[in-house]
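**Student:** Grabbed the feature section from Swiss-Prot, which reads as follows:
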- Cys2-Cys17: disulfide bond (DISULFID)
- Cys9-Cys23: disulfide bond (DISULFID)
- Cys16-Cys30: disulfide bond (DISULFID)
Amino acid sequence: DCLGFLWKCNPSNDKCCRPNLVCSRKDKWCKYQI
């Protein structure tokens, strides 16, 4: 399973839904890639 938008995540083990989402190192949640 992958993590949805604004879900808490770990930047060193990014499980956010690809390819749209990426784990923000600053905020520690899944954000849309710009």
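Including glycine, each Cβ sits where the backbone N, Cα and C put it.
Can you walk me through where each of these features ends up in the structure?
**Tutor:** Taken residue by residue with DSSP, Cys2 (disulfide bond) is part of neither helix nor strand, so it is coil.
Within its own chain, Cys9 (disulfide bond) has Leu3, Lys15, Cys16, Cys23, Ser24, Lys28, Trp29, Cys30 as residues 6 or more apart in sequence whose C-beta sits under 8 angstroms from its own.
Summarising the environment of Cys16 (disulfide bond), the number of other Cβ atoms within 10 Å of its Cβ, over all protein chains shown, is 23.
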